[in-house]
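Taken verbatim from Swiss-Prot:
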DOMAIN    12-90  domain 'Cytochrome c 1'
BINDING   Cys25, Cys28, His29  heme c 1 binding site
DOMAIN    99-191  domain 'Cytochrome c 2'
BINDING   Cys120, Cys123, His124  heme c 2 binding site
Amino acid sequence: TDGHQAAAPQVGDPQAGEAKANGVCLACHGPQGNSLVPIWPKLAGQHPEYIVKQLMDFKQRRANEQMTPMAMPLTDQEVLDLAAYYATQPKTPGAADPELASKGESLYRWGNPETGVPACSGCHGPAGGAGQSLAKFPRLSAQHADYTKQTLEHFRGALRANDPNGMMRGAAARLSDQEIAAVSQYLQGLSQ
């Protein structure tokens, strides 16, 4: 060999993550990562890569009144452990307003060519349940509509800017308030 060894993959321990989650994250993100408060995200079933990205962003550069102080003291291993734990937890689906969800489904699947809104499904998967783990695009199914709405509004107003190459800011800038409400309801009602 040439004397170089490949770096060992960084892997989280779900059991250690559960202990940390129950001590630090439970109050806001709920049992098993299913937040009971609609403005706080559900973490259950999320890609571990996405959770790691978000926690590291909070630790390094993303200012957030609630999350930055919670993430700062976490070690890199604790971040991996939390991500591994939440990724294995089942999501609790929500109910959606049927009329809004129908409009949101169309926008999610096909976008709005008239205003240049891209289809959400292009990055987040055909039913919101897949996302793309390697690209760190999140799973969106069963997420609280209030949280999704707030997130899209923050991207639209450039209050949130941790999206690669401004992808979400660009897409959200083209969304109307009605479209944000509709796609948020659609995603909340998905159970995958």
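Every residue, even glycine, has its Cβ placed from backbone N, Cα and C.
Positions of Swiss-Prot features highlighted on the structure.
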residue	record	Cβ contacts under 8 Å, 6 or more apart
Cys25	heme c 1 binding site	Gly33, Leu43, Met70, Leu82
Cys28	heme c 1 binding site	Ser35, Val37, Trp40, Gln66
His29	heme c 1 binding site	Ala21, Ser35, Trp40, Pro41, Lys42, Leu43
Cys120	heme c 2 binding site	Leu107, Tyr108, Arg109, Gly111, Gly128, Leu140, Ala171, Val183
Cys123	heme c 2 binding site	Gly131, Gln132, Ala135, Phe137, Met167
His124	heme c 2 binding site	Tyr108, Ala130, Gly131, Gln132, Phe137, Pro138, Arg139, Leu140
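Using DSSP to sort the residues of the domain 'Cytochrome c 2' (99-191) gives these counts of helix, strand and coil: 50 helix, 4 strand, 39 coil. The Cβ centroid of Cys120, Cys123, His124 marks the heme c 2 site; residues of that chain outside this set whose Cβ lies within 8 Å of it are Tyr108, Ala119, Ser121, Gly122, Gly125, Gly128, Gly131, Phe137, Leu140, given in sequence order. Residues of the domain 'Cytochrome c 1' (12-90) grouped by DSSP class, helix first, strand second and coil last, total 49 helix, 0 strand, 30 coil. Per-residue pLDDT, averaged along the domain 'Cytochrome c 1' (12-90), amounts to 96 for this model.
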